[in-house]
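Here TrEMBL flags Q257, E307, N357 as S-adenosyl-L-methionine binding site. Marked as domain 'Methyltransferase' by TrEMBL: 277-346. Annotation source TrEMBL lists active site, nucleophile at C385.
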Amino acid sequence: MHSPRCFLSRVGLLPKPGSLPWCATKRPGWSQLFLGSACEGNFTDVIPKKCQRRQKSQKKPSHVGPLDGSWQERLADVVTPLWRLSYEEQLKVKFEAQKRILRRLESYLQKLNGVNVTTSAPRAEGLSCLLHPIIPSYYEVFLRQSPMEPCLLFHEGGYWRELIVRTNSQGHTMAIITFHPQDLRQEELNVQKEAVKKFFTTGPGAVCDLTSLYFQESTMTRCSHQQSPYQLLFGEPHLFEDLLGLKIRISPDAFFQINTAGAEVLYRTVRELSGVNSNTILLDICCGTGVIGFSLAQYASQVLGIELVEQAVEDARWTAAFNGITNCEFHAGRAEKILPQLLKSKEDGHFIVAVVNPARAGLHYQVVQAIRNCRAIRTLIFVSCKPHGETTRNIIELCCPPDSAKKLVGEPFVLRKAVPVDLFPHTLHCELVLLFAR
């Protein structure tokens, strides 16, 4: 849903359309690929040798522009390090990386007594996303003319912080500006809000044609709507996205996958692995706007969603009502607080399929305990954008032998299948969908 090129241009990092290497009419296949290390290993060794030789032997094409060590090329190598590879080669790199993660995870699990690991890694599936064209860097223009300094480091002062740009497939754009108030009085804050509103409505920034502009005062790195409300300066309060035949409402604080077309592939994969039927209760943990639950609602007897962000839960409830989905129920709050009580009320006589799609920090240990100790959960789908991080700890706790000291007394899960889904072309990142059963 979001466009990285759109975001970089708006914050002033991309001054001219066509100035970056990915804007070339043809994809270059030269030079050495810059790839960072992950999972305690370097990804460069999984790039096909043939591709490496071709990159070294080919000359730089003249149509790409001035890329001899330029900041544009260096920025592209950092932000989208796979841009030099064809998409097929990108998928090979990502798939090999996912296999390495799974091998390491499997070796962890095999060291645990009594755990029988059976993994089956299918062929990679991916879908290129539609990228929006570059928008001129009007936010940079605004910052340069503003008397208020940008806030780069909290201890150094400054006011204007980050700009988040969210777009949908219809071309609507929501901009969210974060502002550090420092010691400004409310009257002074109002002056700055009016200035940025005027710039994007009647000033030079009006050409951006924003659908909505939000303003949030924040003294923290990350601040929720409950901690400091998003203030709508003008426009529509929500974005709407069409996905899997549904109209989804999205608030500024709600999570939604950045690649809508790729997300449909992801959710279909979850559906195929879940085995949900009319006798199943689907438990959607960390559900966001509820899209995974909605994609399976017609096959399940009931969908129960849990989400920390209240705006996202409100969006999910609106989406369910608008699309006539009546078997979905959403709970706002911390999963570790809600889940144990929710499972107690549903465990007897029910077959439960659980889907978890946590943030990079993984699942709270109490959530893992609740899932592990609920006998009715026989199938678990774990969707992870960072499987080599805290997810590894979660998986070990789900699959290890019973451990009363850790309150993990339920039957262990067994990893049955892993499906990588490429939601982030031109980058090293990949979603990994893991199927567990017991």
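Note: Cβ is positioned from N, Cα and C throughout, glycine not excepted.
In TrEMBL, annotation is done automatically, which means it is predicted and not curated.
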Could you state the CA-to-CA distance between N357 (S-adenosyl-L-methionine binding site) and C385 (active site, nucleophile) to the nearest Å?
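Rounded to the nearest whole number, the Cα-Cα distance is 9 Å.
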In the domain 'Methyltransferase' (277-346), how many residues does DSSP assign to helix, to strand and to coil?
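Tallied per class, the domain 'Methyltransferase' (277-346) gives 31 helix, 17 strand, 22 coil.
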Quick one: give me the count of other CB atoms within 10 A of the CB of Q257 (S-adenosyl-L-methionine binding site).
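For Q257 (S-adenosyl-L-methionine binding site), the count of other Cβ atoms within 10 Å is 23.
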When you measure from the Cβ of E307 (S-adenosyl-L-methionine binding site), how many other Cβ atoms are you left with inside 10 Å?
27
When you average the Cβ positions of Q257, E307, N357 for the S-adenosyl-L-methionine site, which other residues in that chain have a Cβ within 8 Å of that mean position?
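Along the chain, the qualifying residues are F255, F256, C286, C287, G288, T289, V291, I292, V383.
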Counting across all protein chains shown, how many other Cβ atoms sit within 10 Å of the Cβ of C385 (active site, nucleophile)?
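Neighbour count, Cβ to Cβ under the 10 Å cut-off: 17.
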Quick one: average pLDDT across the domain 'Methyltransferase' (277-346), no decimals.
92
What is the interatomic distance between the Cα atoms of C385 (active site, nucleophile) and E307 (S-adenosyl-L-methionine binding site), given in whole Å?
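Between the alpha carbons of C385 (active site, nucleophile) and E307 (S-adenosyl-L-methionine binding site) there are 18 Å.
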Just counting, how many other CB atoms are there within 10 A of the CB of N357 (S-adenosyl-L-methionine binding site)?
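Around the Cβ of N357 (S-adenosyl-L-methionine binding site), 22 other Cβ atoms lie within 10 Å.
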